[in-house]
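*Asks:* Quick one: structure below, then a few questions.
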Amino acid sequence: MKTKIVATIGPASSSPEIMKQMIDNGLSLVRINSAHADIKDVSKITQMVRSINRDVGIMIDLKGPELRTGEFAGGTLKISSGKDYVMGKDIVLNNMNVLSAVQVGDRILMSDGEVSFEVESTDPFTIRALNDGVLRDRSRVNIPGRFIELGTITDRDRAFIREGIADGVDFFALSFVQKSENVDSLRDFVIDSGGDQYIISKIETKSGLDNIEEIVKSSDGIMVARGDLGVELPLKEVVLAQKHIIKTAHEDGDFTIVATQVLESMVNNSSPTRAEISDITNAIIDNADALMLSEESAIGKYPVQAVRTLKEVSDYVEDKVSFDSSYYFKGNTIAYSVARAAKILSDDIKSDGIVALTHTGSTVRMISSLRPKAMVYAATVSESLARKLNIYFGVLPLHMEGNAEDLSFSEIMEYIVRSGRFADGSKLVMTSGDPYFTFGGTNDVKVAVVGKFIGRGYSFGDSLSGTATYGTKGDILMSEDGRIPGTDFRAFIFTSDIKPSLMSSLKGKTVVTKARLVRQIKEGERIYIDGNTGIILMASPDQK
């Protein structure tokens, strides 16, 4: 499964047993909704998830500042269509200063959009009801199309951020992002507090949609929060807005999460509606990196089944659909060209995977946005980075121990083999945009073959297997000094460079020069030479 699954934790999914079942069915990221969580829950949830699977990420969704009504006598206010209401007298907001940005003719929505008003005058500030309804204490207020200055985070958010950093969560989601400065403000606070978490911007206002191009540049990921976005926009516009947000995010290398009412019927029912399956399918085809469950997994009756449903639909769609690459990428053109080369090479040779060796994650992000047919394995020495990259479409973490600067190509291959994800003979495209990985230099793309790795050099000729010899009885001659007793061998392995005259005499043979071996090849040992990559392996019985 390439599409990732995000699930909100709540009473229905807070036990280790249920969480393990959800993870076993494909859960990649656990969401803590700070609006309904206690700050003490962060440490408890983090420890539980890490004890089950250390590759699963954790996100704290910050509530952020909200615009709401005050309280009413008796707890409610009946609204009559056509009637005028004076703000500050009939209806009070928790921040009356925001009205300075509102003009005559603007619409104001209250109670999650159920009650609509139009501004009649600003002195006194009077609004006219456009429909009947009832307002309750602290009803949500939206003012579509206007930038509303509410600040970025609250004191409560700051407390959650500090706790999240202390517990090592991986993501912070920022609510009601309207401009890039909101994201920058949160990131500054995270860095000043000692954190390096990825920032997910929730697009749920018209201002956020209008400023999406600048927001993606400041963000690591984008959440299409269709609930509030569907209040601020006419419902007919939400689907195309979703497509526009996803496309814009991918052009900048940001991952995307589609959220709200993904499988809402499964809060109470064990199976989804046909419309929900259609919605999920189209979100995947739109190139969403992840789909998010909210009430379905937090308070629903069937949290495991909801995750399983997303997995089943994702598996089917991914098997049937060819995904479009990002045709334009607004980033480092050299690194993007390397990523594109890795994708094209992988698709052409039908590789079993792309191993992207990364320190910052940028190479992995770009390759993921190109939607290669093979899975992308994010090989990194940072466990935290591995979890962050696990949210990207088609990416799986491959955590390696040690210092990146000290890892040789052979050591990297050993980690790949020990991961158990690849059988002997698997073809891998290996790429790095980072200079300290020493398997070929900066911005490199190579093909490697998985097996019992012995060494690697510069190869010419066909792939073959045979018995190694340091004398005359064997198929593959081993030479440490560049000398040979004759040319009647099928292949030659030199641990040094050789003279052009000798190379010319071996034309038509398989030759490996400057071979670097991780161990001594024994006399009579059967080995395999990959003529395309120069990799030397222990030969399996079926290799010829």
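In case you wondered, yes, glycine gets a Cβ from its N, Cα and C as well.
According to Swiss-Prot, the record shows the following:
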- Arg31, Gly227, Asp228, Thr260: substrate binding site (BINDING)
- Asn33, Ser34, Ala35, His36, Arg68: ATP binding site (BINDING)
- Asn33, Asp61: K(+) binding site (BINDING)
- Glu204, Asp228: Mg(2+) binding site (BINDING)
- Lys202: site 'Transition state stabilizer' (SITE)
*Asks:* At the level of the C-alpha atoms, what whole-angstrom distance separates Thr260 (substrate binding site) and Ser34 (ATP binding site)?
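*Replies:* Here the two Cα atoms are 16 Å apart.
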*Asks:* I'd like the number of other C-beta atoms within 10 A of the C-beta of Asp228 (substrate binding site), please.
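*Replies:* Result for Asp228 (substrate binding site): 20 neighbouring Cβ atoms inside 10 Å.
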*Asks:* With every protein chain in view, what's the tally of Cβ atoms within 10 Å of the Cβ of Gly227 (substrate binding site), excluding that atom itself?
*Replies:* 15
*Asks:* Give me the non-local Cβ neighbours of Asp61 (K(+) binding site): same chain, 6+ apart in sequence, Cβ-Cβ under 8 Å, ordered along the sequence.
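*Replies:* Result: Thr8, Arg31, Ile32, Asn33, Ser34, Ala35, Ala173, Ser175, Lys202.
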*Asks:* Between Gly227 (substrate binding site) and Glu204 (Mg(2+) binding site), what is the CA-CA distance rounded to a whole number of Å?
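*Replies:* Counting only the Cα atoms, the answer is 7 Å.
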*Asks:* Using Cα coordinates, what distance in whole Å links Asp228 (substrate binding site) and Arg68 (ATP binding site)?
*Replies:* 14
*Asks:* Would you give the longest CA-CA distance, in whole angstrom, between residues of Arg31, Gly227, Asp228, Thr260, the set recorded as binding substrate?
*Replies:* 18
*Asks:* Non-local Cβ contacts of Arg68 (ATP binding site) (under 8 Å, 6 or more apart, same chain)?
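*Replies:* Correct list: Leu93, Asn94, Arg138, Ser139, Arg140, Val141.
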*Asks:* For Glu204 (Mg(2+) binding site) and His36 (ATP binding site), determine the Cα separation and express it in whole Å.
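*Replies:* Their Cα atoms are separated by 19 Å.
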*Asks:* Below 8 Å Cβ to Cβ and six or more residues apart, same chain only. Which residues does that give for His36 (ATP binding site)?
*Replies:* Gly10, Ala298
*Asks:* Please give the greatest C-alpha separation between any two of the ATP-binding residues Asn33, Ser34, Ala35, His36, Arg68, in angstrom, as a whole number.
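*Replies:* With Asn33, Ser34, Ala35, His36, Arg68 as the binding residues for ATP, the largest Cα distance is 19 Å.
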*Asks:* For Gly227 (substrate binding site), name the DSSP secondary structure in the helix/strand/coil scheme.
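*Replies:* Note: Gly227 (substrate binding site) is helical by DSSP.
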